[in-house]
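A short write-up of the structure that comes next.
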Amino acid sequence: GCDASILLDSKGSIKSERDSDKNFGIRRLDFINRIMEAACPGVVSCADIIVLVARESIVFTGGPTIPMLTGRRDSTAASNAAADRLLPPATVSVDNFISLFASKGLSLDESVAIIGAHTIGVGHCVNIVNRLYPNQDSKISLLFASRLRVQCPTANPWMLNNITVINNDMTNLVFDNQYFRDLIARFSTNQ
């Protein structure tokens, strides 16, 4: 989606990347169109707008200003199958995650930084309920599983939507290192 292909709607044989289960939480992309039409129709690419919106979101939530180059070209094609194949699932192991991003040329540090993007926002119950229902995954502590069951009280797919969420960390509206501090506290003693 870095080429704005995530904005393309399904049409004919093209199935939108938004239809991928791995893009479940992406929403409110209509803001991109509003920004484009109001500020600079036909001048700035949607791909640049996505990157600039992400940069401003980081600043708005207390993070650093990151210099960004512009000049991206918008995609004219989308592929739901490519999103399904190339985006890591919520169940990806650490080793597979690192391997996947290494295959795209990212270093270990860059891969960890991508994980850190979860400091802003929330996770979705649809990605974890299989570890809670019908039986709890034995790798999850009882206390943590109880907290997750309160936030995600059902495995019924008809009840899971964009509003059934779990916090990635307790400061999910602030760009900070709480997400990593929580990971370290939870997993530093468990290889």
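Placement of Cβ uses the backbone N, Cα and C atoms for every residue, glycine included.
Heads up, TrEMBL stuff is auto-annotated, nobody curated it.
Per TrEMBL, the features are as follows:
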- GLY1, ASP3, SER5, GLU17: Ca(2+) 1 binding site (BINDING)
- PRO88: substrate binding site (BINDING)
- HIS118: heme b binding site (BINDING)
- THR119, THR171, ASP176: Ca(2+) 2 binding site (BINDING)
- CYS125-CYS152: disulfide bond (DISULFID)
- 1-191: domain 'Plant heme peroxidase family profile' (DOMAIN)
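Distribution of TrEMBL features across the structure.
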| residue | record | Cβ neighbours (10 Å) |
| --- | --- | --- |
| ASP3 | Ca(2+) 1 binding site | 18 |
| SER5 | Ca(2+) 1 binding site | 21 |
| GLU17 | Ca(2+) 1 binding site | 24 |
| PRO88 | substrate binding site | 14 |
| HIS118 | heme b binding site | 15 |
| THR119 | Ca(2+) 2 binding site | 24 |
| CYS125 | disulfide bond | 21 |
| CYS152 | disulfide bond | 23 |
| THR171 | Ca(2+) 2 binding site | 18 |
| ASP176 | Ca(2+) 2 binding site | 16 |
Spatial separation of the residue listed as 'heme b binding site' from CYS125 (disulfide bond) - C-alpha basis, Å: 15
Candidate recorded positions ASP3, SER5, GLU17, HIS118, CYS152, pick with smallest Cα gap to ASP176 (Ca(2+) 2 binding site): HIS118
Rounded Cα separation (Å) that holds between HIS118 (heme b binding site) and SER5 (Ca(2+) 1 binding site): 22
Model confidence over the domain 'Plant heme peroxidase family profile' (1-191) (mean pLDDT, whole number): 84
Nearest of the recorded positions (PRO88, THR119, CYS152, THR171) to SER5 (Ca(2+) 1 binding site) - Cα to Cα: PRO88
Cα separation, THR119 (Ca(2+) 2 binding site) to CYS152 (disulfide bond) (Å, whole number): 20
Distance [Cα-Cα, Å, rounded] between ASP3 (Ca(2+) 1 binding site) and PRO88 (substrate binding site): 18
Distance from PRO88 (substrate binding site) back to GLU17 (Ca(2+) 1 binding site), taken between C-alpha atoms, in Å: 14
Between PRO88 (substrate binding site) and THR171 (Ca(2+) 2 binding site), the C-alpha gap once rounded to whole angstrom: 24
Near-site residues: Ca(2+) 2, ref THR119, THR171, ASP176, CB cutoff 8 A to centroid: THR61, GLY62, ILE120, ASP169, ASN172, VAL174, PHE175, ASN177, GLN178, TYR179
